[in-house]
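Engineer: Could you have a look at this structure, given as structure tokens, before my questions?
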Amino acid sequence: MVSLLATLHRHTDEVSCCAFSPSLLATSSGDKTIRVYDTDDFSELPYSPLSGHGYGVHCCCFSACGAHLLSCSTDGSVVVWSSGTGEVTATLEHPGRSPLRVCALAPDSSLLLAGACDGTVALWDFCSRTLRSCSTASEASVVACCFSPCSQMFVSGCTHGDIKLWDTDMKLLHAQKDAHDLGVTCLSFAPTFNVDGCCVEFRLASCGQDSRVKVWSLPQHDGSVCALKLLHTLTSQSAPVLSCAFSSDGELVVSGSVDKSVAIYDASQGTLLYTLTQHNRYVTTVALSPIMPWVATGSMDRSVKVWRIGDVASSPERKLPGYSRRLFSDWSEEDVQAWLRQEGLQDLVGTFTSNNIDGAELSRLNKDTAAELGIESVGLRCRLMRKIEALKAEESGSGPPDEFLCPITREMMKDPVIAADGYSYERDSIESWLRGKNRSSPMTNLPLQTTILTPNRSLKMAMSRWKSSQ
């Protein structure tokens with residue numbers, strides 16, 4: 001069985017990636033931040049959120065030991081953070097400053113890899129933080145990459161649908177043309193592999209815009225790599241599959257889809273075990289813990305859900321915050337008090353305790369009733385009301401529609417303009433993009449035929465009507 005352990009509502013834009021270390025969970029978002037949680041109780045760490053990127057964060061990952069957290073962004077950089085302090089220890093920039101879609105660290109932490117919208121793959125020596133190479137891997141955007149468990153090879157996937165296998169000197173070992181019709185979206189090696197004499201067999205999961213997950217065998221004889229062999233094609237999801245990942249023992253494959261579902265498969269048999277449907281928008285990312293039977297799923301609904309796979313009755317009791325699991329109107333008084341402390345409103349705990357404020361009362365609170373409770377500080381009342389309004393917005397999904405957000409900054413537009421690629425952008429953002437000598441579309445990576453920008457008056461009027469209705 002699968003049970004929900006926690007629901008995290010901290011990001012203000014769609015969740016782009018989740019990653020586990022042995023003791024932490026990291027999530028990244030279009031809101032330009034990375035948030036980090038302690039897996040003991042899924043409370044957010046004091047240094048979180050991490051804010052070091054100028055644009056939305058596409059990917060995050062931990063080193064195998066958990067000491068380092070990496071993130072990459074449309075701003076063309078990979079930031080390396082200390083997992084212990086949240087401090088930036090390095091910022092590595094793509095030589096061409098091309099937007100980065102994915103990053104990966106070798107299991108032995110020797111090499112760092114990043115895939116870019118211009119079709120290149122940048123490879124750094126992680127210990128010295130020096131660039132080893134930046135080579136063209138595809139004519140299309142590289143949106144997926146992953147190291148093999150031995151750290152001696154990696155795969156890349158592009159929006160044209162090809163999967164390519166490389167050694168660490170960027171020598172092409174194998175190309176699987178059209179592995180996914182309309183494009184690859186994610187690649188994941190199983191952490192485990194089989195050894196039989198002089199033969200080593202790796203397994204790779206891939207997913208794509210064709211609504212399929214594929215499990216491949218990659219045999220290696222006497223050090224020479226053979227071609228990918230398709231083992232299973234998994235078709236339980238009805239829309240493009242955006243993310244896939246193996247469990248730490250290689251027994252499970254988990255995938256998230258545009259159809260809002262999470263699918264859990266037996267990797268060996270290729271059979272569907274569970275389907276989870278609690279997200280109400282696209283599931284953009286899945287991740288599995290390296291030491292626990294946990295799955296984290298992130299979505300365009302801005303939430304992260306953490307699940308346990310297996311028999312919960314036999315697991316140790318976990319003390320998870322009640323407010324991470326229920327609608328806040330259903331919170332107990334203790335849940336409300338815990339929430340106040342987490343939000344930095346601990347000065348109000350005594351007042352709320354003496355007035356027996358539970359979730360239902362909290363949901364009805366306004367500035368006038370807050371004053372009646374004896375909260376004299378105007379600033380404190382305003383902070384409280386902002387936090388309550390944020391809770392209501394998270395539960396109702398009342399944030400601005402996605403089409404009102406600039407694709408570059410993921411913030412609501414004020415002066416939308418249409419570029420030659422047909423997409424609408426915030427004027428300042430696309431002008432800044434073009435001033436940086438980028439003559440390609442931020443969305444398609446194809447050359448822009450002209451840099452003329454046309455005001456999108458109909459979109460601006462629609463945004464104005466939406467604001468008036470809020």
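Each residue, glycine too, has its Cβ placed from N, Cα and C.
Straight out of TrEMBL:
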{"type": "REPEAT", "residues": "8-47", "note": "repeat 'WD'"}
{"type": "REPEAT", "residues": "50-91", "note": "repeat 'WD'"}
{"type": "REPEAT", "residues": "104-125", "note": "repeat 'WD'"}
{"type": "REPEAT", "residues": "135-167", "note": "repeat 'WD'"}
{"type": "REPEAT", "residues": "234-275", "note": "repeat 'WD'"}
{"type": "REPEAT", "residues": "276-309", "note": "repeat 'WD'"}
{"type": "DOMAIN", "residues": "331-394", "note": "domain 'SAM'"}
{"type": "DOMAIN", "residues": "399-470", "note": "domain 'U-box'"}
Engineer: Is the repeat 'WD' (276-309) close to the repeat 'WD' (8-47), in the sense of at least 3 CB pairs under 8 angstroms with a sequence gap of 6 or more?
Structural biologist: yes
Engineer: By a Cβ-Cβ criterion of under 8 Å, what residues six or more beyond either terminus of the repeat 'WD' (276-309) are in contact with it?
Structural biologist: 2-22, 25, 27, 29, 39, 42, 191, 242-248, 252, 254-258, 260-264, 315, 394, 397, 399, 402
Engineer: From the DSSP assignment alone, can you count helix, strand and coil residues within the repeat 'WD' (50-91)?
Structural biologist: 0 helix, 23 strand, 19 coil
Engineer: What counts of helix, strand and coil residues does DSSP assign across the repeat 'WD' (8-47)?
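Structural biologist: Tallied per class, the repeat 'WD' (8-47) gives 0 helix, 20 strand, 20 coil.
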Engineer: For a three-state summary based on DSSP, what are the helix, strand and coil counts in the domain 'SAM' (331-394)?
Structural biologist: 48 helix, 0 strand, 16 coil
Engineer: Work out, from DSSP, the number of helix, strand and coil residues along the repeat 'WD' (234-275).
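Structural biologist: Per-class counts: 0 helix, 23 strand, 19 coil.
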Engineer: Please work out the helix, strand and coil residue numbers for the domain 'U-box' (399-470) from the DSSP assignment.
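Structural biologist: Once the DSSP states are binned, the domain 'U-box' (399-470) shows 25 helix, 12 strand, 35 coil.
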Engineer: I'd like the per-state residue tally for the repeat 'WD' (104-125) from DSSP, helix first, then strand, then coil.
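Structural biologist: Taking each residue of the repeat 'WD' (104-125) in turn, the totals are 0 helix, 14 strand, 8 coil.
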